């Protein structure tokens, strides 16, 4: 059984409102990526500015615990925000809490740049406080954007639309490198300084304190630009009909968006809801969806260990690849410029294409195949880097850069995209946002393993440590490959068919007997 409003959404041709939804939701992910990854470009500058000790004879460096907090605290906030807003998205509505996440992102991006204090410790403490709440807002964007896009899209292009929203993360990473590169180039040209080797004191320009603040605050701009349009979006038809039980409002909203006439079918909706009223934490849910939830959570957890380790430790690996000079050969702002430039190049030629390959091929190859291919290829390239690390570092840095870039490509033309898409499709409407939040939060738990574990291990930039880290990540990706067998293909099917909400039984989403949709000839069974 399918409601007319749901069939209309599934069969709708691609229209302008689909494009606007992608842009509005996608700009949130642009901001998310920019805010999460721009800290990588300026963290070494923070060390030079606030933690320089002349007695060491080396440029200032953030202590391990401070570095882990500055780069990783936003991930803790993101995990918390995913669970909080994901739950509210199912209880209050996707739209009602969608604007709150954006307000948090704008306010905390600005406040991060205004971090204050009389000592280095207090400045870093204030920065960490605001970046936690920045991450909290970012976290809410994950389940809400994915759920909204999946519920707006038609079944033929749903995967491509959700992937396109997520692909804006790649644009955000590029801009994190580009903005830092442009600002540091301007400051470098305006405020000349010797290298650390020539003058340890004068090599750190005091104007760098303004520069890192500008880098962080610029993240507020794209989010602020989309707030009005985000508030103008109607609630999704699936939420209004299936969760609120208001078939008339759902039909009216979607008829206006699709520019067609849709019947309300309130009586049919009552039967639909009665067949799907089991709670999230129930035996019935785990019978029907437990395997998929375990699959989406474990694969995202393992993927983010590798993905965030790569992104957050780039600044430590770039010197080993020969992409930037040694720190004592540069002044503070020059180091930001070279780190940002290397990050921009890797993102432009490795990260960015992978996202859009997924957009273009997800409806042809399917989510499942792309995820398996991505995990496997990441494991292969990281294993090669780990085994041949000494040769690549000392004799063939260009091949090192190519292999490293390919790991980013197959992360994004692979599990980094599909782990975002699949939880938005596999689960029933009334728990879709929560299940996506649980999967995404598992991912951020993996990101924290990368940020606090792998990053801490590689921070000194020693060859042996980076080599071992690559081997660990290769094994992590291989485990992710096998965990991917717990999920299933969703392309070309309606959300209700995938989740079993329409009453049809499938091999992968069994419908327990007491939850069959009652016909007019038989009495309805008691619902558990």
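Every residue, even glycine, has its Cβ placed from backbone N, Cα and C.
The model shown is predicted, which means the values in this text are computed figures rather than measured ones.
Annotation source Swiss-Prot lists compositional bias 'Basic and acidic residues' at 496-507, 519-528. Per Swiss-Prot, the feature N-linked glycosylation site maps to 456; the stated evidence is sequence analysis. For 496-528, the entry in Swiss-Prot reads region 'Disordered'. Annotation comment: Swiss-Prot describes 1-18, 90-96, 144-158, 230-292, 363-371, 423-433 (among others) as topological domain 'Cytoplasmic'. Taken from Swiss-Prot, the feature topological domain 'Extracellular' covers 40-68, 118-122, 180-208, 314-341, 393-401, 455-467, and the record attributes it to a curator's inference. Per Swiss-Prot, the feature transmembrane segment maps to 19-39, 69-89, 97-117, 123-143, 159-179, 209-229, 293-313, 342-362, 372-392, 402-422, 434-454, 468-488; the stated evidence is sequence analysis.
Outside the transmembrane segment (342-362) by six or more residues, the chain places 37, 40-41, 159-160, 163-164, 166-167, 169-171, 173-174, 176-178, 180-181, 314, 318, 321, 323-324, 370, 401, 404-414, 416-418, 421, 491 with a CB less than 8 A from a CB of the stretch.
Taking pairs at least six residues apart, the transmembrane segment (402-422) and the transmembrane segment (159-179) share three or more Cβ pairs below 8 Å and count as touching. Residue counts for the topological domain 'Cytoplasmic' (363-371) under DSSP, helix first, then strand, then coil, are 8 helix, 0 strand, 1 coil.
Beyond its flanks by at least six residues, the transmembrane segment (159-179) meets 18, 21-22, 25-34, 37-38, 40-41, 145-146, 149-150, 152-153, 215, 218, 311, 340-341, 343-345, 347-348, 351-352, 354-356, 358-360, 362-363, 367, 412, 417, 420-421, 424-425, 490-491 of its own chain at Cβ-Cβ distances under 8 Å. Away from its own ends, the transmembrane segment (209-229) comes close to residues 20, 23-24, 27-28, 30-31, 34-35, 38-39, 41-42, 45-46, 49, 99, 102-103, 105-107, 109-110, 112-115, 179-180, 183-184, 187, 333, 336 of its chain (Cβ-Cβ under 8 Å, at least six residues beyond either end). Stretch with the most C-beta contacts under 8 angstroms to the transmembrane segment (372-392), considering only 69-89, 97-117, 123-143, 293-313, 434-454: 293-313. Between the transmembrane segment (19-39) and the transmembrane segment (434-454) there are fewer than 3 Cβ pairs closer than 8 Å, counting only pairs 6 or more residues apart in sequence, which means the two stretches are not in contact.
Note on the topological domain 'Cytoplasmic' (423-433): residues 86-87, 89-90, 94, 143-144, 146-147, 149-151, 158-159, 162, 238-239, 242-243, 276, 280, 285, 289, 292-293, 296, 300, 367, 439-440, 487-488, 490, 495-496, 498-501 of its chain, located 6 or more positions outside it, place their CB under 8 angstroms from a CB of the stretch. Confidence in the topological domain 'Cytoplasmic' (423-433), given as mean pLDDT, stands at 93. Residues 9-14, 17-18, 21-22, 25-26, 28-29, 85-86, 89, 94-95, 97-98, 101, 165-166, 233, 236-239, 363, 420-421, 423-425, 429, 432-433, 436, 492-495 of the same chain lie 6 or more positions beyond the ends of the topological domain 'Cytoplasmic' (144-158) yet place their CB under 8 Å from a CB of it. For residue 456 (N-linked glycosylation site), the count of additional Cβ atoms within 10 Å of its Cβ stands at 17 [all protein chains shown]. Using a Cβ-Cβ cut-off under 8 Å and counting only residues 6 or more beyond its ends in the same chain, the topological domain 'Cytoplasmic' (90-96) has close neighbours at 144, 147-148, 151, 233-236, 239, 243-244, 430-434. Per DSSP, the secondary structure of the topological domain 'Cytoplasmic' (90-96) breaks down as 5 helix, 0 strand, 2 coil.
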